[in-house]
Amino acid sequence: MNINDILKKLINKSDLEIDEAEELAKAIIRGEVPEILVSAILVALRMKGESKNEIVGFARAMRELAIKIDVPNAIDTAGTGGDGLGTVNVSTASAILLSLINPVAKHGNRAVSGKSGSADVLEALGYNIIVPPERAKELVHKTNFVFLFSQYYHPAMKNVANVRKTLGIRTIFNILGPLTNPANAKYQLMGVFSKDHLDLLSKSAYELDFNKVILVHGEPGIDEVSPIGKTFMKIVSKRGIEEVKFDVTDFGISSIPIDKLIVNSAEDSAIKIVRAFLGKDEHVAEFIKINTAVALFALDKVSDFKEGYEYAKYLIENSVNKLNEIISLNGDLTKLKTIMVKSSG
C-alpha cells in the first residue's frame, strides 16, 4: 500500500474501500506511518467526511489489534461522548443496573469533552480500572460486570496518541470507541454526539457483526436518551436498520430538567449516581432508568421501552448492593464509603 496514493485519493474526496481502510488503519496503529502523514490522513478524512466503509475498515483493524477477552452475550453502553453538555455519566450507571441480569463488558475511557468519562467516574467510586484479561473474565463470572479501559485494551493506540493530541480536533478515532469493544459485545446502547452521525454509524454497526445495537441522540443535543424531549434512534439488528423517534413522555414521566443532571467533576458524577441509587435524587434516577429501559430493549429483555422503564425501576432498587459487590471484588471500598457518606446528605 502506497500511503501517498491513499492521501491523494482522500484529498480528491474519494472514499476508501473497506479493505483499503483496514490496511491503512493497521499501518497507522502499528506505528508504521510517519506522524506527519498520519496527521495529513486524519485531517483529509475529516475534511472529506468519513464514509461507512472507512469506519468499518478502521474498526476491524482496531478490533484485530486489541487485547481480546471472551464475554458471551455481553452488552456495552459505550457511546461516542463529545456532546459537550457535561451531564452525569448515565451510561456507567445503566451498566451497573444491567449487570444485575446480564453480563456487561463496559468499554470506556477518560472524558473527552465532558466532565466525567466512564473511567473517571468508576475510579471515583473506587473501581480499579486496569483489569487484565484473565482477571476480567473472573470478574464477569463473579459479578456480571467488568470495565475494559480503552487505553489498556488498545495498547497500539499509543502510536497515534501524540498526533491526535497535537491536532486537537475530532478524528475518525473519536467515533471508533463504541464500535471496538475488546469483548466483542454483541449488544449495545450507543449514544451518538451528533444527529447527523446516526445514519453513518448505524450503517457501520450493521457491517460489524452485532446482534442488536440501538444508537441514540437526544434533545437538546445529548449522546443519551433525551431527558427533556425527543430521542432519535436507529435500531440495528440482523434484520436491518429501523428508524424510531421516541419522546421522554412516552415512558409515562415528565421531562427531566437538564440542569439537574449537570456535573462539575468525576466525583460529582459519582455522588449523583449514588444518590440516585439511594433514592435521594429523583431527577438523576429517572435519567438512569430511561437509558436503562432502552438498553433492556436492545437485550430483548422487554417488548417495548415503557416495559423497559418499569423493569429499570425494579433494577435501581437493587443497585446499591450491586455497586458494593462490584467495588468489593475489584476496588477500594474505602473510596466508595466516602462517596456514600457524601451522598447521604
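Quick reminder: no glycine exception, Cβ is built from N, Cα and C everywhere.
In the three-state DSSP scheme, N109 (anthranilate 1 binding site) falls into the coil class. The feature anthranilate 1 binding site is assigned by Swiss-Prot to G79, N109.
Less than 8 angstroms from the CB of R110 (5-phospho-alpha-D-ribose 1-diphosphate binding site) sit G117, A119, D120, each of them six or more residues away in the same chain. What Swiss-Prot lists as 5-phospho-alpha-D-ribose 1-diphosphate binding site is G79, 82-83, T87, 89-92, 106-114, S118, and the listing cites sequence analysis.
A coil conformation is recorded for E224 (Mg(2+) 1 binding site) in the three-state DSSP classification, outside any helix or strand. The feature Mg(2+) 1 binding site is assigned by Swiss-Prot to S91, E224.
In sequence order, L42, T171, F173 constitute the residues six or more apart from R164 (anthranilate 2 binding site) in its chain with CB-CB distances below 8 Å. Residues or ranges marked as anthranilate 2 binding site in Swiss-Prot: R164.
For E224 (Mg(2+) 1 binding site), the same-chain residues lying six or more positions away in sequence with a CB closer than 8 A to its CB are G79, T87, V90, S91, G191, V216, G218, F287, N291. According to Swiss-Prot, the feature Mg(2+) 2 binding site maps to D223, E224, an assignment based on sequence analysis.
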Other CB atoms, at most 10 A from the CB of H107 (5-phospho-alpha-D-ribose 1-diphosphate binding site): 27
Spatial separation of H107 (5-phospho-alpha-D-ribose 1-diphosphate binding site) from D223 (Mg(2+) 2 binding site) - C-alpha basis, Å: 16
